[in-house]
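Asks: Structure in structure tokens, see below.
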Amino acid sequence: MRVLVSGGGTGGHIYPALALIREIKKLNPEARFLYIGTENGLESTIVPKAGIPFQSIVISGFKRKISLDNVKTVMRFLKGVQDSKRYIRRFNPDIVIGTGGYVCGPVVYAAAKLGIPTIVHEQNSVPGVTNKFLSRYVDKVAVCFEAAAEHFPQSKVVMTGNPRASEVMDQNGMKGKRSVGLSLPKKSVLIFGGSRGARPINDAFVEAIEQFGNKSYEILYVTGEVHYDKVMDAVKQKGNPNNVIIKPFIHNMPEVLTGVDLVVSRAGATTLAELTALGKPSVLIPSPYVTNNHQEKNARSVVDKGAAKMLLEKDLTAETLIRDIDEILLDAQTLQNMKLAAGQLGIPDAANKLYEVMNKLVKK
């Protein structure tokens, strides 16, 4: 099978694509890949580092207000379609999949117009502009949340989940706990604000640290590398309790996620895919700074099923943070109920499900 993949701009579009590619390589070692992204996007460094052939096109996103820049965007889109057709004809893929971000617009559109089987993968509850546009032309739309399905033609929608979920399975949680200094017998909560950290969560944590010192559970706090020194300076003034471990970053996150009992985090699509695949209860603090407030809608999909609590950033304080953690970790029945609810939402074989959809389209 020859697979052309496109997606970029943020890790939320790139990492699911890479997870899918890794799964296909396991199931079909003869498969060949080409990834098309932008020259300046994250994908231009991440994808080649993963050993995947990479080509770039020039494209930009539409501004939401009327702007002369949108005229340039249309011209770039048309040029991107022509460049994509050239790459497609040269690579001759059996199938093309877009995982979001404006770069996959011209790529997937060009493939559809050339009669090649096409799929878009939507990670969030609220679809992006590009995937909504492409849904008119592609063969299938793979979704991760039921709420996303209503935005697409129903005959094309298939629930696959996020391929990243597959990558957190079969991890050694005990090894993960040991690697960060957590003790095995004690309950533990991991708190983090995304790969770069989040200042409002850091501020609430610093305010709460003295009260955390009185708890029977352990706290693993990840500041984000850019915030680490500032957080540690503030912590030194208050004292660092023995049951609180602070790290700038965690490189073996799947192992650590597997080992802890509760997670406090943002509500990005990849994070939720991983948490539900592991059956992990959570307190979700959606980022209010994302397009269409999609993180709050992502969180709502999990909260409504009883798998998480939601704490809006505007309501985030030391007191509300500790309250929500205590209500879950200190109540064995609540913890167990939320574990079961999260597990029922999870799709741990998401990458394989998406590959099955691809196979069916190729064999048509």
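Residue numbering: from 1, along the chain as shown.
Backbone N, Cα and C atoms are what each Cβ position is placed from, and that goes for glycine too.
The following feature annotations were taken from Swiss-Prot:
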type    : residues                                            : note
BINDING : Thr10, Gly11, Gly12, Asn124, Ser195, Ile250, Gln295 : UDP-N-acetyl-alpha-D-glucosamine binding site
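Looking at the shown structure, what environment does each listed feature sit in?
Replies: The Cβ neighbour count for Asn124 (UDP-N-acetyl-alpha-D-glucosamine binding site), using a 10 Å radius and every protein chain shown, is 27.
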Asks: Using CB atoms and a 10 A radius, I'd like the single residue among the binding-site residues Thr10, Ser195, Gln295 with the highest neighbour count.
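Replies: Counting Cβ neighbours within 10 Å, the top one is Gln295.
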Asks: Given a 10 Å Cβ-Cβ cut-off, pick out the one of the binding-site residues Gly11, Gly12 that has the most other Cβ atoms nearby.
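Replies: The residue with the densest Cβ neighbourhood is Gly12.
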Asks: How far apart, in Å, are the two Cα atoms that lie farthest from each other among Thr10, Gly11, Gly12, Asn124, Ser195, Ile250, Gln295, the residues recorded as binding UDP-N-acetyl-alpha-D-glucosamine?
Replies: 24
